[in-house]
Amino acid sequence: MGQSPAKATPAPAASMNATLRQHMTLLEQQRLCLQANLTEPQPEGLHCPRVFDGISCWDPAPAGTTVTRPCPAYFQGFYEHNQMQKQCMPDGTWFFHGEHNRTWTNFSSCHIAPESSGHLLPDEHLTMINYSDNDLIKVWTPVIKNISRAGYGISLTSLIMAMVIFCSIRKLRSCPRTNLHMHLFVSFILKAGMWVAMDVVSYDWLGPGYSGSWVCKMVTSITQYFTMANYSWVTMEGLYLFCLIYLALFSDHSSITPYILLGWGFPICFVVPWVVVRALMEDFYCWRVNINNGFFWIIRAPTIFLILVNAVLFVCIVLILMQKLNSSISVETRRYRYR
């Protein structure tokens, strides 16, 4: 009997071999990095230490600098003609990404096609791009983003329709309470619009090289302002209703100017100091990443305060309405008895 023809190597085996070779290459790069740490002298002055980030070895860098290097050609799916970046902080430590809970290297440009084509690599070439081995993030991030886009789109459409109705009916426009609602709707529209704009700008691909762009910082600052203004206007609605029910000092013909000034002015008192602090002390990554969470509390704390105030107003309004409802029921009961 003749020999049976040799079977072709299945595609999964070839893929596995490529993955093994990739891991062997990374292990060799890690070994060389550790060897350099042991044999090469350390530089003088404040420097970030030599480190292996899982893909590439970074030499010591002076504090307060951003190191830019070509993307490694040995890594699958990387364009070697593009640049990767790693930031050495002023205190001599590599930039620590709070969301990933580890030091972070910006590889975002490495898997972008050259500028002549402007396309991303196919997904099959990015199987090893996430060296944190968290495939759930890669799978679910696009799904969450699409849900977010759909939600903001529906919200914007509904709010714009409501604003058109308010503006087209004169009786509604002449009512102070309706004007208050319109300001609330405008805050919702501006907040949703800014988040959509940020998504269009696609900050996922911005790295340390864009930290000096005033455009991205302005977009981030305006987004933070409208986000806080949205919470502020929800509180103004609750405050107006509370005063209308409990204090009985305001009516539909009362001035809403104090609410307008407070609703739009309150966030400025906190967003402006946050902008100054970020510009002077944490001018990194278009102000989208919070290296020092203490600075973010400048705008987080008043937002939490507004939420708590709104919750207290809600409870007070509910108690007042229940009290008035019980009083009206008691009056009707007494009238029924004396008939």
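Note that Cβ sites are derived from N, Cα and C of the backbone, with glycine treated the same way.
Marked as domain 'G-protein coupled receptors family 2 profile 1' by TrEMBL: 32-114. Residue counts for the domain 'G-protein coupled receptors family 2 profile 1' (32-114) under DSSP, split into helix (H, G, I), strand (E, B) and coil, are 8 helix, 27 strand, 48 coil.
Per TrEMBL, the feature domain 'G-protein coupled receptors family 2 profile 2' maps to 144-339.
Sequence-distant contacts of the transmembrane segment (150-168) (same chain, six or more residues past either end, CB-CB distance under 8 Å): 178, 181-182, 185-186, 188-189, 192-193, 195-196. Here TrEMBL flags 150-168 (among others) as transmembrane segment.
The transmembrane segment annotation in TrEMBL covers 180-198 (among others). Remote same-chain partners of the transmembrane segment (180-198), defined as residues 6 or more beyond its termini with a Cβ less than 8 Å from a stretch Cβ, comprise 148-149, 152-153, 155-156, 159-160, 162-163, 166-167, 219-220, 222-223, 226-227, 229-230, 232-234, 236-237, 240, 256, 259-260, 263-264.
Annotated transmembrane segment per TrEMBL: 231-249 (among others), in sequence order. Outside the transmembrane segment (231-249) by six or more residues, the chain places 177, 180-181, 183-184, 187, 256, 259, 262-264, 266-267, 303, 306-307, 309-310, 313-314, 316-317, 320-321 with a CB less than 8 A from a CB of the stretch.
Packing against the transmembrane segment (256-277) from elsewhere in the chain are residues 176-177, 179-180, 183, 187, 221, 224-225, 228-229, 232-233, 235-236, 239-240, 295-296, 298-299, 302, 306: each is 6 or more residues past its ends and has a CB under 8 Å from a CB in it. Residues or ranges marked as transmembrane segment in TrEMBL: 256-277 (among others).
The list of residues near the transmembrane segment (297-321) in space but at least 6 beyond its ends in sequence, with Cβ under 8 angstroms from a Cβ of it, reads 224, 227-228, 231-232, 234-235, 238-239, 241-242, 245-246, 266-267, 269-271, 273-274, 277. The transmembrane segment feature in TrEMBL is assigned to 297-321 (among others).
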Integer mean pLDDT for the domain 'G-protein coupled receptors family 2 profile 1' (32-114): 83
